[in-house]
Amino acid sequence: MELENIVANTVLLKAREGGGGNRKGKSKKWRQMLQFPHISQCEELRLSLERDYHSLCERQPIGRLLFREFCATRPELSRCVAFLDGVAEYEVTPDDKRKACGRQLTQNFLSHTGPDLIPEVPRQLVTNCTQRLEQGPCKDLFQELTRLTHEYLSVAPFADYLDSIYFNRFLQWKWLERQPVTKNTFRQYRVLGKGGFGEVCACQVRATGKMYACKKLEKKRIKKRKGEAMALNEKQILEKVNSRFVVSLAYAYETKDALCLVLTLMNGGDLKFHIYHMGQAGFPEARAVFYAAEICCGLEDLHRERIVYRDLKPENILLDDHGHIRISDLGLAVHVPEGQTIKGRVGTVGYMAPEVVKNERYTFSPDWWALGCLLYEMIAGQSPFQQRKKKIKREEVERLVKEVPEEYSERFSPQARSLCSQLLCKDPAERLGCRGGSAREVKEHPLFKKLNFKRLGAGMLEPPFKPDPQAIYCKDVLDIEQFSTVKGVELEPTDQDFYQKFATGSVPIPWQNEMVETECFQELNVFGLDGSVPPDLDWKGQPPAPPKKGLLQRLFSRQDCCGNCSDSEEELPTRL
């Protein structure tokens, strides 16, 4: 049986490496799968798409790139884009070099004698910026100028963009994005672990070669446990959050037996594995601080959307190929309505805050408590309120959480102890992160003094540990316990309403990022070299008629469209 595990791991590693060919894991038919429709097929989409500058030109990756291509055709707009890029670079520039970077920005884009003066900038605002720059180059120095530049771009230039071939090309990409997603969109690989309602396995998009984790929720298991609301809640929260520190939902689809969430694949294992199974338990302080800072950013992104996580623990923090973390498993996360509090005694014993244990009302305070527990565990090599592999009754753990201060060893520096103790304050009103400043309070703690959070948020800081690319950081295939068959439950037509709410296909921002990262956008986004309109973007032209199929083709052909095309036999991976 060891052979079975070796084969499964070998096939997965080969897929992660791009299959060893020039296509980097893409199907032989990838261009056919991502073939643009004729623009006339996008008319309904054109009429229904909301004309929002922020969404179309800033948030959506392909929309952002196409708007920039449009701006590159007009010098005054090209200067605006260059200024915005310069500001973004200024904000992540190290402190000791930021003033010089700011001076260069001012000279190029804000001075009348500069080569790239941007339009419609109040001179008084420029004067104020210049003075503030010399006094001290704060990161938000150009914030108002950035807002005014976007305001300028969002009026006449945006209107012109909507009438351009670049926006028409965006409609074609949106048409592809909205095509049905089925199990044939993916290749399936080995099981990685178990979720609450089914297995988690590795998978690969046939059209792009992008690897993901597929979390399968068995329909009968959901129905037996009455888990419909919980499953839909997790899906909708994942769909809403766009953060480099939280796993992304890229697709949601259904098969005959399961609902499937296609999520960011994290190849580096979870923090529980790294804390306890990679030598001495715990991390050096610098490594623990780095992970705590990234988790803080993830919590900040969740809380910005008014989502409280409620299940922060080592096994829910995953490492990617480069050693950065993402928060995973949002099954217990919930939206907190503006101006309201919630109640719910949920979470994991030893990580639940005192107010949760007491069943009191709260907003986001349990997450900051759990961050304190996790930081403590990363440094100490054990949880603050229970020792590993030592059985303590739940009631005793909860008594310790509510009443007994945690103990600190010599492994904690004074600053690390200070941050942990402020996060583990029993009174949520006095806890760091809950005094009115949220994540900002935590980020300003002296333990993070050497960290540039702007650079961290942009993924520009080198992690202290990089996972081995040839390692599989999960249990052997046969060591992952299989689910038993669900008996006594039958699926009914009325269940279909829930399935339709769940299986909504591609999620726009992750899907567009996938197209860009896998270079599909770069290879397919081609316009006429002489400035002419390509046939597929000509509103006056007619879409080409599909080639006629012979009788045998009509009888035996399978439906081929947008990622649902099946590969030839030789391309299919070994399935175990």
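Backbone N, Cα and C define each Cβ position, glycine as well.
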Among S78, S484, S557, residue with annotation phosphoserine (source: Swiss-Prot): S484
Candidate set T113, T485, T494, T518, residue annotated phosphothreonine in Swiss-Prot: T485
Distance, D311 (active site, proton acceptor) to G195 (ATP binding site) (CA atoms, angstrom): 14
Cβ-Cβ neighbours of D311 (active site, proton acceptor) (radius 10 Å): 22
Three-state composition of the domain 'AGC-kinase C-terminal' (449-514), taking helix and strand from DSSP: 25 helix, 2 strand, 39 coil
Per-region confidence, the domain 'RGS' (53-171) (mean pLDDT, whole number): 92
